Each structure stands twice: as C-alpha cells, then as structure tokens.
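Colleague: I am attaching a structure below and will ask some questions about it afterwards.
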Amino acid sequence: MSVIQTPNGYKLDNSGRRVVVDPVTRIEGHMRCEVNVDSNNVIRNAVSTGTMWRGLEVILKGRDPRDAWAFVERICGVCTGCHALASVRAVENALDIRIPPNAHLIREIMAKVLQWHDHVVHFYHLHALDWVNPVNALKADPKATSELQQLVGPNHPMSSPGYFRDIQNRLKRFVESGELGIFKNGYWDNPAYKLSPEADLMATAHYLEALDIQKEIVKIHTIFGGKNPHPNFMVGGVPCAINMDGDLAAGAPLNMERLNFVRARIEEAYEFSKNVYIPDVIAIATFYKGWLYGGGLSATNVMDYGDYAKVNYDKSTDQLKGGAILNGNWNEVFPVDAADPEQIQEFVAHSWYKYPDEAKGLHPWDGVTEHNYALGPNTKGTRTDIKQLDEAAKYSWIKSPRWRGHAVEVGPLSRYILNYAQGNQYVIEQVDSSLAAFNKLAGTNLTPKQALPSTIGRTLARALEAHYCAAMMLDDWKELIGNIKAGDSSTANVEKWDPSTWPKEAKGYGLVAAPRGANGHWIRIKDGKIANYQCIVPTTWNGSPRDPAGNIGAFEASLMNTPMERPEEPVEILRTLHSFDPCLACSTHVMSEDGENLAKVTVR
C-alpha cells in the first residue's frame with residue numbers, strides 16, 4: 001500500500017514518516033496508534049489497534065445467565081455499571097421479564113450517575129491536559145483569573161483572587177519540588193498549547209475541584225448498588241429494598257434519609273456541570289477556535305440505540321433518541337434495530353479472529369470469538385515486539401462492527417447530533433446556547449453543523465450530556481419519591497427467577513447509552529445456560545480496524561489530515577483520541593520508523 005482511496009471517502013498514504021504511539025490508553029486493554037505524516041507533518045494515514053484480547057465471551061459460555069452481569073461488569077473499571085446494565089437487560093429481553101417502575105427509576109439514576117461521573121473525570125483528569133498547561137499557570141495574575149472566571153462562569157462561588165492565588169501557590173510548591181507527579185512528562189513547551197496563563201490557572205483549579213465532587217456523586221451507587229466501582233445489579237430489578245421506616249445500618253433498606261442524600265448529591269452535580277464544566281469547555285474552546293480538526297466520521301456517519309426512556313419499554317419516550325445518520329444528512333435519520341442481522345454485523349478481515357467466511361460479517365447472536373493472532377508479511381519486528389504493523393493484513397484484537405455496511409461513530413457527540421437533528425428541544429437549547437456563548441467569546445459565527453463534528457465538539461457534547469443527565473436524575477428522583485409515597489415499594493420481579501420457568505431456548509439483547517457510546521450485549525440461552533454471548537462496546541465501533549471493503553473506523557478517520565506541531569510530541573494525536581474518552585492513564589512511548597525511542601509520555 002502507498003496511496004489508496006477508501007469507500008468512506010479517505011485518501012490513505014503510508015509513504016511518509018511513521019510515528020508509533022504505543023500504548024495510547026485503554027478502555028478494555030491497551031490501544032496502539034500508528035500514523036504516517038507528510039513533509040508538512042500532516043497525518044495522511046492512521047492505524048488504530050487494540051492490543052489485548054478480552055475473551056469474556058468465551059468465559060461466559062455454559063454459565064448461568066443470571067450471573068453474566070457480574071462477569072461483564074469487569075470489562076472495565078471506569079465505565080462501571082453500564083455493562084452490567086446491558087447484561088441484565090439482555091437476559092430480561094430474552095426471558096420476557098419486566099421490571100417494576102421503581103427498579104427502572106433506580107437503574108436510570110445509577111446509569112446517569114455513571115454518565116455524569118465518567119464525563120467529569122474524563123474531561124478534567126484524562127483529557128484536559130491535552131489542552132491545559134498547568135506549568136504555564138504559574139505566570140497567571142490571580143486577579144485577572146478571577147475576572148475570567150466571572151466572565152465565563154459567574155455563578156461559581158469559588159472565584160476570588162485569593163482563591164486562585166492559593167491554588168497558584170500550591171502549584172508553585174509542587175513544581176519547585178521537582179516532583180511533578182500527575183503533570184510529569186507533559187509537553188509543556190509545545191506550541192500546540194494555546195491557553196493564556198489565567199485560563200490555565202482557572203482550569204487547573206477546577207481540575208482539583210473535580211477530584212472532590214467525583215468522589216461524592218458515586219456514593220449514590222453505594223446506596224443503590226452496595227459499592228463503587230462495580231455496583232450490584234440483578235435480573236428482574238435492583239438488589240435494594242425500600243422501607244421508609246428502616247434504620248441506617250449497613251445493608252438496611254432504603255429510607256427517606258438515604259434518598260434525601262441522593263438528591264443532595266444530584267443537585268451538587270447539576271450545579272457543577274452548569275457553573276463549572278460547561279463554561280470551562282466553552283472557555284478553553286475559544287483559545288482553540290481554529291482547531292476544528294478531528295471530526296472524522298462524526299461529520300458523516302453517526303449511530304446510537306437511544307436510551308433513558310421516560311416510560312420503561314416504550315422507546316418512543318427515550319430522552320436521548322437513537323438512530324443513524326449517513327453522509328452528513330441531518331435531514332434523514334434512519335431507525336436502528338439491534339435484532340436485525342442486516343443492520344448490525346461484525347467483520348474480522350483485519351482482526352485477529354477467525355470466521356467461516358471472513359468476507360462476510362456476522363450478527364452478534366451468531367457471533368464467533370475464535371482468536372487467530374497472525375501478522376502480515378510487511379510487519380516490522382516480531383510477534384512479541386512489533387515495531388510497525390501491516391495494516392493490509394490483520395492488525396487488531398478489535399472486530400469491525402458496521403451498521404448496514406457503514407463505519408459509524410458512536411458516543412455523546414453522535415447522540416447530540418442525532419437528537420439535534422430529531423428536534424430534541426433540550427438538546428437544541430443546550431447546543432445553541434453553548435455555541436452562542438462560544439461565538440461571542442471567540443468572535444466567530446459557527447453553526448452546529450460546522451462546530452460539532454470536531455474534537456472540540458466531541459468534548460463539548462460530553463459536557464452537555466453530563467448536565468442533561470443531572471437534570472434527568474432530578475426528575476427520576478421525584479418520580480421515585482412519588483411512587484413510594486403512593487405505596488409502591490416494589491423493586492424486583494422474581495416471577496421468572498427459577499430457570500424451570502424459562503423456555504428451552506431463548507435469545508435477547510440489552511442496549512445502553514454508555515459514556516463512550518452505543519453499548520450492546522446479545523445473548524443466546526439454551527437449557528438454562530449461556531450458549532453464546534457477544535458484546536459490541538463503544539470502542540469496538542470507534543476503534544475498529546478496516547473492514548473487508550476498506551472502510552476505516554472512527555479513531556482512524558478522526559486523525560486524518562490533522563497537522564502536527566512536532567510529531568515526536570504527539571499532542572494532537574492524544575488530543576483527538578482522548579476526545580473519544582479513553583478510560584485509564586497509562587504510559588505512552590513514541591517511536592520512530594525503525595523503532596528507536598524518541599520520547600516517553602505518561603497519558604493522564
């Protein structure tokens with residue numbers, strides 16, 4: 001391969017200098033990225049690779065379906081809960097189990113707590129340092145920082161010059177100690193960083209504030225699910241009873257005091273996303289107003305299943321509607337059916353798996369998980385020490401899911417594009433007001449269709465979705481209290497708990513709007529045991545390698561045509577890949593074409 005044109009509109013040229021970033025980060029294991037840059041340091045080819053095999057689908061075969069949630073929840077320790085929820089929904093769908101209204105509301109609150117928490121932690125503690133230079137904050141004027149805070153977030157109480165001076169002094173002592181800790185190995189002199197010292201100081205202060213609030217919001221999981229991470233779920237409902245006269249002993253049922261605690265944490269989250277998170281994203285974006293790279297597939301093909309039904313089992317009441325948009329046509333949204341084998345298929349032509357016919361895709365109900373680790377003839381290195389992958393062959397442990405044959409992007413940005421296009425008034429007001437604030441500060445006149453499909457737009461969508469989730473949680477809490485006051489304390493339906501009540505064979509699916517995008521689990525049950533289990537998680541969609549037709553996935557597409565200041569300091573690669581929300585910090589090595597180490601960075 002030198003230059004090829006993909007069916008989904010990308011011109012790939014791997015003749016230029018190769019830069020390898022390995023690992024970038026992880027969601028279910030590690031991710032590697034290789035790019036080719038031309039003589040102007042513009043990315044002309046991108047290769048995204050999942051470098052660890054999960055294998056949970058194999059582990060689950062022959063197990064009790066009622067236990068599946070506890071296994072799949074361990075797929076990830078950060079997006080904790082969304083896989084468990086998808087699993088219990090899949091089993092309930094297969095066995096035609098309907099959960100009580102209170103169980104639905106409690107699950108909704110737990111799911112939205114995860115969404116809010118994950119988005120806040122992602123932005124402040126994983127992604128912000130791709131935009132924010134904390135060392136530069138030492139040059140800031142605390143008084144000017146206070147004025148900036150009043151301009152972009154006037155309702156935030158911690159905004160005095162003295163407050164920012166204290167933060168700056170703490171940061172100064174940290175830097176002068178020579179132990180930068182979480183800020184070590186950053187490219188702080190890279191010209192890709194554009195913020196003023198005052199904006200850097202404000203964002204660094206909020207980085208620290210977010211550390212405090214994120215540990216408070218997850219206490220809701222401990223109340224409803226017993227712990228965090230990995231709260232408990234159950235097929236048929238939720239594992240927490242309601243008794244308004246109960247005490248506060250460990251393991252006691254929910255009472256009003258605990259429910260009031262839940263409401264207080266939701267209200268704190270609502271205020272933080274409104275007064276800090278969203279204003280921060282808008283303020284930071286104004287310094288990067290010309291950096292509208294990274295849109296990739298979000299400019300053309302997006303997909304989601306929809307979630308957060310106001311009335312359980314009625315998809316028409318989803319507060320974030322699903323669907324698919326192709327070719328950037330926001331005027332036409334196609335329905336998505338997870339049960340349709342013509343719509344959702346996974347391919348393995350470039351994945352380290354075997355299929356009976358690798359030119360064809362398989363629906364998850366018929367999915368096969370048989371590993372086949374084989375490197376292409378143009379791979380540089382060995383099986384255990386790869387220097388450069390051969391993207392013309394198999395090169396990833398991630399399969400290639402496609403919707404009606406199309407590579408699509410999933411995630412909060414996809415959900416917001418879909419809901420803006422479908423007239424969701426809450427989403428429209430959020431997007432329009434945020435873009436108006438951005439245009440005013442930046443002196444631009446961007447439309448939603450110009451601004452959203454970008455790395456910055458992807459980051460903004462997460463902030464807006466976090467706040468929407470906080471607003472929905474308040475409604476869920478009020479409805480739950482109303483049910484309890486009306487005498488309804490049911491939280492589980494155990495009519496079909498006994499496997500003797502199940503059919504000999506059954507199949508089902510469970511769908512969740514996970515923090516990183518469309519999350520689906522498909523199950524086949526035979527003789528009371530799991531016969532087949534397949535997950536298509538958000539990073540499977542976004543991080544997929546090429547399919548048999550040559551279409552590239554969302555990660556690869558998002559990097560195309562991005563200019564880099566210094567390829568040996570891949571700020572731009574990390575910035576865009578992190579906008580998809582990688583989960584955990586891990587060490588990153590950057591290597592030249594012959595494998596020589598050029599730099600080492602710790603991705604935060």
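Backbone N, Cα and C define each Cβ position, glycine as well.
The following feature annotations were taken from Swiss-Prot:
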| type | residues | note |
| --- | --- | --- |
| BINDING | Cys76, Cys79, Cys583, Cys586 | Ni(2+) binding site |
Colleague: Ten-angstrom check, please: count other Cβ atoms within 10 Å of the Cβ of Cys76 (Ni(2+) binding site), all chains counted.
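Modeller: Total other Cβ atoms inside 10 Å, all chains included: 25.
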Colleague: With every protein chain in view, what's the tally of Cβ atoms within 10 Å of the Cβ of Cys79 (Ni(2+) binding site), excluding that atom itself?
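Modeller: Cys79 (Ni(2+) binding site): 27 neighbouring Cβ atoms within 10 Å.
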Colleague: Which of the three DSSP states, helix, strand or coil, fits Cys76 (Ni(2+) binding site)?
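Modeller: Reduced to three states, the DSSP call for Cys76 (Ni(2+) binding site) is coil.
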